[in-house]
Each structure stands twice: as structure tokens, then as C-alpha cells.
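A quick write-up on the structure given underneath.
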Amino acid sequence: MTNLQVISVISVFFVITSIICFCLKTHPNFRIPDIDIEFRNDSTHALVVTKIATRAHPAFFYIEFVSNIWFTMELFIRFLFCPKISQFTRQAVNIIDLIATLSFYIDWALDRTITGANRDTVEFFSIIRILRLFKLTQHFSGLKILFQTFRASAQELLLLVFFVLLGIVIFAALIYYAERVETNPDNQFHSIPVERDVLYWAIITMCTIGFGDMVPKTYLGMLVGSLCALMGVLTIALPVPVIVSNFAMFYSHAQARSKLPKKRRRILQPHEIKPMVGGLASIRLFNSLTHKMCHQFIRHICWML
């Protein structure tokens, strides 16, 4: 295993460790009580308010601390030896790595100064660290192919989102009025944007999920719901062949590149260089020129024939 492969394995290990720690520290068994005592002075009474919350076990902090030391060193070395700073700052992986690393140090600095709901707000922004999963695209060719496929299919995906949003609005309006045409005391579709959200029902139905918490009760509403599910299947299936075609193209290209021979030019050491001097150099130069001229002459004769 080469040094580059060792560094790649270590980087992947710390990325996975960081993500696992982020998920495990939210489990109740890995959290400890955090009692916050607040004193409030009234004109007649002195009140002591005790707020009991939970925080992650300190062991997770030390694990993340070691991981972020590695990420900091890796980011600093990449920045130090990059050919162009402008090219370094334009890469999305570097920006994600910088923001995720800074979020840890900011969380560390504010950990002892904030309490209660403010701490939950700071922990919410630590979700940015999950974006480190995109760093795995540098080490796994399959993820890189998938990312390139989505980037090449961005126009088709945007078109898909547009038609899905269009269908959601249309079927939300249709189901709202379809449930009000007939007498329906159990009508759950009270408003399109608020209360029982009809837009939410349209999204779930077009994606063919169907949670069942909101269902049409009239025959006309059932017809609209069926059409909504059918149009959702057709709309989502339309760009799939384009995405599959792009994936097959990038996959075949990656397979072809992996089968190419890896040519490595060996650099000679100073003591291995034997200079050509005298008649030996002249003979080798003459043989090289003669071979080149004969080759060009034969190609010229073949072209004339």
C-alpha cells in the first residue's frame, strides 16, 4: 500500500467516524443531564428556576476533536500546496470542508457560554458536518460517477422539479374544489396553503407515497387522487432514461480509463547517466537520423501508391 493510499484510508476513516459520532450523540443513552439554574429577583420574592436539559457525553467531544485536527491539517496542507488559490476556492469539497471544520471550533467556543434552547440552535448548525460525506467522492470512483451523472443531468432534473411543482399546484386546487362540490361532512381539505395543507397531500400523492392521513371521501375526489398518482408516476419516470444514459456513459468511460496501462516515467539518478562522447555519440545520432529519413520515405512511397 502506497503512502497516498494510506492517507486516503485515514481520511475516509475520520470522515466516517465523525458522521457516526454526530448520529450517536443524539441517542438518549449517550446523553447526560445538564442542569441550568437561573435566579430571578422579584420585588417581593427571589425565584430560583431550574432547567433540566441533556447534552452529549464528553467522550464524543474528544473523538470529534481528534477528527477535526486531522481535517484541519489536511485542509491546511491542501491549501499550502495548491497550484492556484483561485482554483482551490472554487472547489465545492474544499468549501464544505472549511465550513464543517469551522463549525466545530465555533461550537467548541460557544459551548460554555450558551445554555438551553440556544445550545440546541448551535447544535442544529452542526448538521453542516454531515456534508463531509461528499469528500468520499474523491476516494470512491462509484460516488464520483454518480455525482457526475447528476451534474450532467441537472437540466433534466430541473425540468422534472418544474413539472412536479406544476402538477402539485394543479391537483391541489382540483382536490380542494372536488371535495367541496358534493356534500361531505368529513372533508379534510379545508384550505390549499394553510391548516390541513392540500399542497402537502398533492406532494405525497404525486410521489406515490400516500401516508393516508388525508384521503378524499367523495367519488370526484377519488378520481382526482387517482389521476394525481398516475401523473406523478409518469412525470417522475420521464427523465429516468436520460439519467440512466448519462450514468452508463460515465461508467463505461471510467471502466475504459481503468483498463489503460499506467505509464510511469522513471527519473534517472545522476550516477546512472552515461554521457555520449566522441565517435559513439556521432554514430548514435547518425543512426537515429537515418532511421527517421527511411521511415518518412517509405510513408511517402506508400501514399503515392
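Using N, Cα and C of the backbone, Cβ positions are placed for all residues, glycine too.
Quick caveat, the model's predicted, so the values are computed rather than measured.
Among the features that TrEMBL reports, domain 'Ion transport' is placed at 6-254. Per TrEMBL, transmembrane segment is recorded for 6-24, 157-178, 198-215, 227-251.
When Cβ-Cβ distances below 8 Å are used as the criterion, the transmembrane segment (198-215) is approached by residues 164, 167-169, 171-172, 175-176, 188-189, 191-192, 225, 228-229, 231-233, 235-236 of the same chain, each at least six residues removed from its ends. Looking only at the domain 'Ion transport' (6-254), the predicted model's pLDDT averages out at 81.
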